[in-house]
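Working notes, structure below.
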């Protein structure tokens, strides 16, 4: 239909009428989706995946990591920056970060002389947790019992630091693309005297939903995704892995327990075993997607601790976020710049397309499959 003779307002109205008459397809037409957990929107522009890529290409990292490097401060027996020598650990190893962003004895900034210049005290502790004594392994290449030991250590440090601090943030940055400067398998744990911004948003959203509907937001969300199935990646007896309806990063996933669980220490032995198994499968799929050690940032969110530990916090549901940056290949990543920084998040691949691709991937790591083929060829 031609609208060339109409005035601008008529053309706008006619254009809107044409758009309404068209059949909407999420995989072809741009739209915005709401994230009820963090009270924000994301622009989905799936048609952009058809454009040729002429942007930055990251170098492929083919460097072999030595199993043990005496100069690597995370290795067993190595000397760290503060002069302390690591024990010869053979499992997980937790220690105080030598360069902490939070310290327990920081002074109070005092009162502000103007409402536009507010500062408040920030205290806490920062720890580093090594997952394994070897530098040349990552979580998907570790055994299920080894991953289970990591989960137990996560639960223990949450309980320990949560006795004093209202928020304990466990997070892993994997890969140089995510700013990880050391290839040794490890995560960080920051406990703070305040509730960080994202935790505050999740607290408000879950509290509001629970007040309005009488059930935890993420527990209900998990049930709905099990019914709809199109965004599921993995399911097990106790856990669900899915690409959220509101995902921002290309292959972002959300890891949820099937039952109502508020914090990591509440997981029973069967749930911890099952979590180790499904984590290994998810991270193997990630690596298999582009046959690379898949970079990501991940972290756990649970009910606030400290003085809130004894509170019911029934609106909270434990969950883990995985935010991987890769989009088209092992060397092409998603950049959060421009529109994302100044307006709102935007993604190209739909969450349903991402989930379908992840679902279809094998659960045997490509490195192990390659070794099996080489062994068979020799035999």
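The backbone N, Cα and C atoms fix where each Cβ goes, and this holds for glycine too.
If you check Swiss-Prot, you get these features:
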type	residues	note
COMPBIAS	1-10	compositional bias 'Basic and acidic residues'
REGION	1-20	region 'Disordered'
BINDING	75, 184	Zn(2+) 1 binding site
BINDING	81, 97, 98, 173, 188, 334, 335, 336, 337, 339, 340	UDP-alpha-D-glucose binding site
ACT_SITE	186	active site, tele-UMP-histidine intermediate
BINDING	202, 301, 319, 321	Zn(2+) 2 binding site
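Where Swiss-Prot records a feature, it is marked here on the structure.
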residue : record                           : DSSP (3 states)
75      : Zn(2+) 1 binding site            : coil
81      : UDP-alpha-D-glucose binding site : coil
98      : UDP-alpha-D-glucose binding site : coil
184     : Zn(2+) 1 binding site            : coil
202     : Zn(2+) 2 binding site            : helix
301     : Zn(2+) 2 binding site            : strand
335     : UDP-alpha-D-glucose binding site : coil
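Between the C-alpha atoms of residue 188 (UDP-alpha-D-glucose binding site) and residue 301 (Zn(2+) 2 binding site), the distance comes to 14 Å. Close to residue 301 (Zn(2+) 2 binding site) in the fold, though at least 6 residues off in sequence, lie 198, 199, 202, 318, 319, 320, 321, each with a CB less than 8 Å from its CB.
Cβ neighbour count for residue 337 (UDP-alpha-D-glucose binding site): 8 (other Cβ atoms within 10 Å of its Cβ, all protein chains included). Across the structure, residue 340 (UDP-alpha-D-glucose binding site) and residue 184 (Zn(2+) 1 binding site) place their CA atoms 32 angstrom apart. Put simply, of the recorded positions 81, 98, 186, 335, 337, the one whose Cα is nearest the Cα of residue 75 (Zn(2+) 1 binding site) is 186. For residue 81 (UDP-alpha-D-glucose binding site), the number of other Cβ atoms no farther than 10 Å from its own Cβ, over all displayed protein chains, is 8. Counting every protein chain shown, the Cβ of residue 319 (Zn(2+) 2 binding site) has 22 other Cβ atoms within 10 Å. Cβ neighbour density within 10 Å is lowest for 98 among the binding-site residues 98, 202, 340. Rounded to a whole number, the distance between the Cα atoms of residue 81 (UDP-alpha-D-glucose binding site) and residue 186 (active site, tele-UMP-histidine intermediate) is 17 Å.
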